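TrEMBL annotations:
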type: ACT_SITE; residues: Asp218; note: active site, proton acceptor
type: BINDING; residues: Gly99, Arg162, Gly163, Gly187, Asp188, Gly189, Thr190; note: ATP binding site
type: BINDING; residues: Asp188; note: Mg(2+) binding site
type: BINDING; residues: Thr216, Ile217, Asp218, Met261, Gly262, Arg263, Glu317, Tyr374, Met375, Val376, Arg377; note: substrate binding site
type: DOMAIN; residues: 93-398; note: domain 'Phosphofructokinase'
type: SITE; residues: Gly189; note: site 'Important for substrate specificity'
Amino acid sequence: MANDSRMKVVAGDAGYVLEDVPHLTDYIPQLPTFPNPLQFNPAYSVVKQYFVNLDDTVAQKVVVHKSSSRGTHFRRAGPRQRVYFELDEVHACIVTCGGLCPGLNTVIREIVCGLHYMYGVTRVLGIDGGYRGFYAKNTIPLTPKVVDDIHKRGGTVIGTSRGGHDTSKIVDSIQDREINQVYIIGGDGTQKGAAAIYEEIRRRGLKVAVAGIPKTIDNDIAVIDKSFGFDSAVEEAQRAINAAHVEAESTENGIGVVKLMGRYSGFIAMYATLASRDVDCCLIPESPFFLEGSGGLYEYLERKLKENGHFVLVIAEGAGQDLLAGELHTMNEKDASGNKLLKDVGLWISHKIKDHFAKAQRLQITLKYIDPTYMVRAIPSNASDNVYCTLLAQSAVHGAMAGYTGFTVGPVNGRHAYIPFNRITETQNKVVITD
C-alpha cells in the first residue's frame, strides 16, 4: 500500500486542503518538459483554454454550511500545457485484474486510441492475464486497429486473473521491457497492488508513470461518484427482476427470488429495485434482517402474499452472511484477491422460505430462484458507461503524460480528478441507509 508518510498535502486559506498525487519530479528532479502536442492537433487547437490550469482542484464535499471550512480537494484531471514524455519515448502497457465488469474493453480501447490520436504514441502492450502476465506470459501488441470494435464485446480482450501479484517480478518486467507508462484497471485489491508497484518503481528511481483506473461492478470504491460498468449492471439486472416478476405473477402465491452482486455494498440491488418497481423486498449487506417473529421477513412475506398473491425478493450476495455463518459454522475463507468467499445466500434463503411455508402449512407457494450474476458481468457496456469509460481512460492518459504517477482517476462531484491510491483503498463506499 502507498506509504502515508509520502502523502502530498497542501494547506491553504480557510481550511483548504489539497491531497495531491505524486509526480515524477518528486524523485527525479530537473526532468525536461515538452510542449503538449494537443495544441497542434486540429481537433483541439481552435478551442481556447483547452488545457487545465495547474492550480485547478476539485472539492470532495459540495454540501457545506456557511461556517464550514473549504475542506479536502483533489487535483483536477485533464491535459496540461507541458508533458514529461517525448512522443517516441513512450512505451505503455495496460493490465486488467480481478473479476469481469462491463466496460473493460472500452477502457482498454480508449487508452490505446487516446495515446495514439492525442499524443502520437505507437507502442502499447496488453499484459495477458492480469498481474501474473507481467512475468509468466507473452504480451499483446495493441494498436487502434486491433482495438477498433472491442467495446462492442463483453469481458476483456487481454484476459484477467485474481492474485499473482509479485511486486519485484512485475517491476523487473517493466524495467526489462523499458515500459514507462503503466495503466492498471481493477478494484481495491488491484489498486493496492498498483500502489506497491509505484512504491517499488520510486525506490528504484525509474521514470515510469503508474495510473490506476478503478473497477468494481459493486460500486463500492470510496471517494469517486461511481465506478464504470455499474449503470450497465443495473440495466441488465432489470431483465432478471422482470423474469422473476413474470414467474411470480403467473402462479398463485408465486415467489420470485433474484440474487444480485454486492459483496459489501448493496448498490446494484438497491438501484435495480428502485428502477424496477416490481420488487417487494430488497435485502442488502448494510441493513441487517431476521427471518422469524414480529417484523421478520416471513411475517412480511405472508402479509404481501395475502395482499397481492405474489412476491418478488431481491437480495445482494453479501446480505445475511451472518445468518448463514451461524447456521453453517463456516470458516472465513478468501479467494486469490483476498475477498471473503461468500456462501450462496440466494439459494439458502429460497430453501428457508420453502421450509417455512411447508411447516406452517398455511399457504401453498411456488418459488423460482434466479441468479444472473455471470450474465450481468459479461455484457458489453451501455451508452452511458461507454462515455464514462472514455473520460476515465483519457483522464488517465493526460495524467501520465503530465508526469503524475501513483494515482487513480475518477469523478468527484461530477469533475474528474486524480486521487492518491491510499484514499480509495483505505475505506469502501457503502449505501447510506439513513439518506
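A Cβ is built for glycine as well, from the same backbone N, Cα and C atoms used for every other residue.
TrEMBL entries are annotated by machine, without manual review.
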Considering Cα atoms only, can you say which of Gly99, Arg162, Asp188, Gly189 is the nearest neighbour of Arg377 (substrate binding site) among these binding-site residues?
Gly99
Recorded positions clustered about Gly99 (ATP binding site) [Cα within 10 Å; pool: Thr216, Asp218, Gly262, Glu317, Met375]
Thr216
Cβ neighbours of Glu317 (substrate binding site) where a neighbour is any other Cβ within 10 Å
24
Looking only at Gly187, Gly189, which of these binding-site residues has the biggest number of Cβ atoms within 10 Å around its Cβ?
Gly187
How many other Cβ atoms are found within 10 Å of the Cβ atom of Asp188 (ATP binding site), counting all protein chains shown?
25
If one measures from the C-alpha of Glu317 (substrate binding site) to the C-alpha of Asp218 (active site, proton acceptor), what distance in angstrom results, rounded to a whole number?
11
Can you tell me how many other Cβ atoms are located within 10 Å of the Cβ belonging to Thr216 (substrate binding site)?
27
Nearest to the residue listed as 'active site, proton acceptor' by Cα distance: which of the binding-site residues Arg162, Asp188, Gly189 is it?
Asp188
Express the distance between the Cα positions of Arg162 (ATP binding site) and Thr216 (substrate binding site) as a whole number of Å.
13
In sequence order, which same-chain residues at least six apart have a C-beta under 8 angstroms from Gly262 (substrate binding site)?
Asp218, Ile268, Ala269, Ile284, Pro285, Ala316, Glu317, Gly318, Ala319
Do me a favour and check the Cα-Cα span between Asp188 (ATP binding site) and Thr216 (substrate binding site); whole Å is fine.
8
Return only the integer: C-alpha distance in Å from Met375 (substrate binding site) to Gly187 (ATP binding site).
19
